[in-house]
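Please read the structure below before turning to the comments.
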Amino acid sequence: MDRRTRENPERTFDLVLKVKCHASENEDPEVLWKFPEDFGDQEVLQSVPKFCFPFDVERVSQNQVGQHFTFVLTDMESKQRFGFCRLTSGGRICLCILSYLPWFEVYYKLLNTLADYLAKELEEDLNETLKSLYNHPVPKANTPVNLSVHSCFITPDITGLPTIPESRNLTEYFVAVDVNNMLRLYASMLHERRIIITSSKLSTLTACLHGSAALLYPMYWQHIYIPVLPPHLLDYCCAPMPYLIGIHSSLIERVKNKSLEDVVVLNVDTNTLESPFNDLSSLPSDVVSALKNKLKKQSTATGDGVARAFLRAQAALFGSYRDALRYKPGEPITFCEESFVKHRSSVMKQFLETAVNLQLFKQFIDGRLAKLNAGRGFSDIFEEEITSGGFCGGSPRSYQQWVYTVKKGGALFNTAVTKATPAVRTAYKFAKSHARLGLKEVKSRLKHKDNEEEYGTCSGLVQYTPVYTLHNEKGENREKHKLSQTHLKRPHKSLDGTLYDDDDDDDDIERASKISSEDGEETRAYFYESDDSVEAQVKAPYSGEMDLLGEILDTLSTHSSDQGKLAPAKSLDFFRSMDDIDYKPTNKSNAPSENNLALLCASGDQGEWNLGQDDSALHGRQLPPSPRKRVSSGGLTESLFILKEESREKPLCADSVSGPTVVGKPAPTSGLRSQPAAPEASQTERGRAEVKQTPGQAPLQSEDLSVPGPGSRQSTFVPWEKAGKEDTKPSKDVGLLQEVVSLCHMSCDFQQDLNISEESRSGNQT
């Protein structure tokens, strides 16, 4: 019961009454009209009319008491139901709206509209307006609501701090009572005294009670709370328990005639406060002086300055409650009163020793603990004020630790995970790892879909969705690990394309895995990584690691660009349709040299460099639209080792692979095309120069490593095609590995010396 208002009321209001007061106080008020007409709670119908005239009706007129005021009824659940009233006809007629919503300004405005309808006898408009609001779902904060042409409002935000002049209650309270009496009343409320506030204006009286009680936030007055006391309940002032009661000045003489002991009385009309206690001196002097100086500033008079000044005082007094929160494995989070009090100064310690026994503080702590242990958590302006003001005596990270515990499912759930049996823990890790894989797959699909929308899709091509997985470096051998670490401390690429570092990620996990314990030490929370996730990652066809071979080719392309003018990486034929592509071989000499390299690169004949689609179009094979596949660093390293070992073990014959040669009259079906991989082709061939050993595929032999002649086009090895097709047409089944071998040889030549002379070319031909 940390708050007294109902969180989710069913309706905007429950009842509207028109009550008539008789001339004699001995006669009960009479209900003239009600809405809805079928309202059947007789107890409410009998009690509400008596609260509509909380003054001496025989002595006071409407001009003396004002128009608007509010009373409060408490239901069986200790929740407050507000009665918003407006006096008319000289104080003899009262309109009352009963609601669980503390919308003071909204209902005061609605009462004025209803009074106008009654004065003009517009009963149809009156019923239509009430019916529209009664059937309207409870709107959220700051939502405009239109009831009729002349009636509309914006729902207030009751969770925020009250502001001046928007809050009528706080405005009237701040204007009617000076700063010193506000501080004395505040201190008396913190000590839970018996408090009476009196005034001749009902509107000012009820505003002072509601305004003073609101300044206790985030705590709430937990005892008897009657903003305005009707004549038949004056004996409540003799109750031995704490109370906060408002009494009209016409009835205060009757109250003083009763035996009152230890009662604090605030007279708003004379701005005087009578108290047998000196509660203000028991508060820490630094807190009181800071609050007093803040309230006296002119800038505090508007906005939320007054409410925030009291909020800061509350944070200074009670903000260290976070340091007294205790957590033991297997038990809910608890609050240690001894720890809350013992480390304070003498004045603060004396006050807190009294404060821990206050009902408003106990309800506040119980509400916080209930939210923490239920896993809901809390984040309000009070917690923000504690953090910003540094009123928590412990580590600044302590509150984040509790929030982290809540996010992990509450203290009880966290205990269940850490104290679970190995079987339960393994199941938890398995579910967690597969949930991560599923999330990564969804992100990769969304990313691939965005790429398709951005670059378009090629008709007739098979689309694929790469599955990005985390790479397990522990299972690699030492040689692969060295090759993958060619670029030291290479940041990995995340699923959304951003770069991150493993060390930073580990630090974040370590920082997030701290929770506080009873003795103030910090223990680590458990972050489980499933062993099953590693197996799932190995089976993934593609990986999100960097393409090292592609970067090597990029480097070679950059070096070769200095030797001559280069054309764009992709020709315009890349965007041509499949029917427009011509694959007729040319009969010119393609031997690369220093003289004709620039001509080859800048040649207008794009048939030589249209490697983006020619292979798939030539054989009718459907390849992925992306020119560059992503492979894992482990698989790529393995391919490079295979290429190096096979190239060293067995020299390649002239029919297989040779260096660049000069061909005078190239035959259409034999010979070797000696055209090097120019920089234009390196961009498109980069994604194709990758090898993937699929299950069931025969080991590659050096005899199969051949490059196509000038009469045939280089084809890309498709791993999902059956091996039976290789025996039918050898000219069409040249694998991707052939291109890799040729690229490696030619890349070495480019890297050693791009100035290819005539002597080296004749030596290679021999």
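Residue numbering: from 1, along the chain as shown.
Cβ coordinates come from backbone N, Cα and C, glycine included.
Listed features, source Swiss-Prot:
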- 480-492: compositional bias 'Basic residues' (COMPBIAS)
- 499-509: compositional bias 'Acidic residues' (COMPBIAS)
- 694-704: compositional bias 'Polar residues' (COMPBIAS)
- 14-143: domain 'uDENN' (DOMAIN)
- Tyr500: phosphotyrosine (MOD_RES)
- Ser516: phosphoserine (MOD_RES)
- Ser517: phosphoserine (MOD_RES)
- Ser530: phosphoserine (MOD_RES)
- Ser533: phosphoserine (MOD_RES)
- Ser632: phosphoserine (MOD_RES)
- Ser633: phosphoserine (MOD_RES)
- 472-523: region 'Disordered' (REGION)
- 611-634: region 'Disordered' (REGION)
- 652-732: region 'Disordered' (REGION)
- 378-382: motif 'FXDXF motif' (MOTIF)
- 547-556: motif 'Clathrin box' (MOTIF)
Mean of the pLDDT scores, which run from 0 to 100, over the motif 'Clathrin box' (547-556): 57
Tally of DSSP helical, extended and coil residues in the motif 'FXDXF motif' (378-382): 2 helix, 0 strand, 3 coil
Residues of the domain 'uDENN' (14-143) by DSSP state, where helix covers H, G and I: 43 helix, 35 strand, 52 coil
